[in-house]
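Feature list (source: TrEMBL):
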DOMAIN    229-362  domain 'GGDEF'
TRANSMEM  29-51  transmembrane segment
TRANSMEM  58-79  transmembrane segment
TRANSMEM  91-119  transmembrane segment
TRANSMEM  131-151  transmembrane segment
TRANSMEM  163-185  transmembrane segment
Amino acid sequence: MAASTPTKRPSDSLPITRFTSVVVRFRRLATTGLITAMVVHLIFLVLFWLLDIWLLMAFNIFSVLLYGLCLIGMRFPALRPMSLVLAWLEIIAHAGISTLALGAASGFHYLLLALVPLVYIDPRGDVLTRLTGLLILTGLFVGLDLISTLHDPWFLLREETLLWLRMGNGIICFIGLGTVINVYARSSRQSERDLRSMASTDLLTGLRNRRSLTDEALLLVAERRSVNHHLAVVLVDLDHFKQLNDRYGHAFGDQVLADTARLMNRTMRPGDSLARWGGEEFLILLTDADLDRAICVAERVRESIAAQTFRSDEGESLSITATLGVTEWRGNEEFEVCVSRADDALYLGKQNGRDRVEVAKPR
Ligand SMILES: Nc1nc2c(ncn2[C@@H]2O[C@H](COP(=O)(O)OP(=O)(O)OP(=O)(O)O)[C@@H](O)[C@H]2O)c(=O)[nH]1
């Protein structure tokens, strides 16, 4: 590539990242809930068949079928809201009819409690919707308790049976609450991990980004100030990258960046760090390395980049070169000062013809 005036600082590239949205997580949670509800209603179905309560048996057959339909509906974006509303209404109707049929002592109104976290988890709900949802659930819970205290249930069961039912419903309620909270907590932790990874990774190359490496370097520098360990910095800048982009296209440039990052990554020792520092600039942080070792590493990187060949879309074989600035951390200076010295060396390397390693000795 032809020579041109060296550029001092390349600009940072914007990180574009994958992110599993909170809506997707809510959908997963809702699907898990629907499957669980279906299984629970199958158990109720058997139970009411054993107790010979035909009304609740019929209602549970209807519920199982309804959950099946809701699960199918969850596969289609347009039907999702309706599926969720139907599932909500089913739980409310199930709690209501079962409590009226068997009395509050059966504990069926406890099932309403499992809906409380869902009022808050739905990401589309605003404050008013949440408050309304909570008030409706509270009203239903208290109302059902009151009505069944004032009126006899439709079906009379033995005290012992009611006790078992109440305990069962209490357990289902706790398991339901626990499951919802667990799924939500796990998805929150996953979101946190995703965000951390997004904040520290460069999407194009998969390398750590500037922020992540700077954070590590600042920690190392703080630790090593007292211990007097070596630390060296190598700045790598690909030569004439603008020309490469202009000649072969930006997508090809991206590929070259990604391949070069992979190549450099392979040459790193465990413990050393490599980051995409800016557009076509990379930074290598060498822990426990003095200047001589840093120069060796820089030479090795320079040679491996120069030896790498690429094939353009037109089938043309080409290679690129890089200029590297090397320096050693002085032990009592800020990390930025050390990087700036490596940058000065790099700039000198560009002026001196590129494809070379330039060293800045700390004074
Ligand atoms: N394809 C691609 N190009 C990028 C990316 N980030 C920065 N660049 C390009 O890298 C080029 C850097 O150009 P300059 O700063 O002039 O440097 P150069 O052409 O490499 O010249 P020297 O550094 O002086 O050898 C610009 O054209 C940027 O658009 C990227 O993520 N992908």
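The backbone N, Cα and C atoms fix where each Cβ goes, and this holds for glycine too.
TrEMBL annotations: computationally assigned, not manually curated.
Counting residue by residue with DSSP, the domain 'GGDEF' (229-362) contains 59 helix, 36 strand, 39 coil.
The transmembrane segment (29-51) and the transmembrane segment (131-151) are not in contact, since fewer than 3 Cβ pairs between them lie under 8 Å (pairs 6 or more apart in sequence). If one looks beyond the transmembrane segment (58-79) by at least 6 residues along the same chain, the residues whose Cβ comes under 8 Å of a Cβ in the stretch are 27, 30-31, 34-35, 37-38, 41-42, 44-45, 48, 86-87, 90, 93-94, 97-98. Within the model, the domain 'GGDEF' (229-362) shows a mean pLDDT value of 95, rounded to a whole number.
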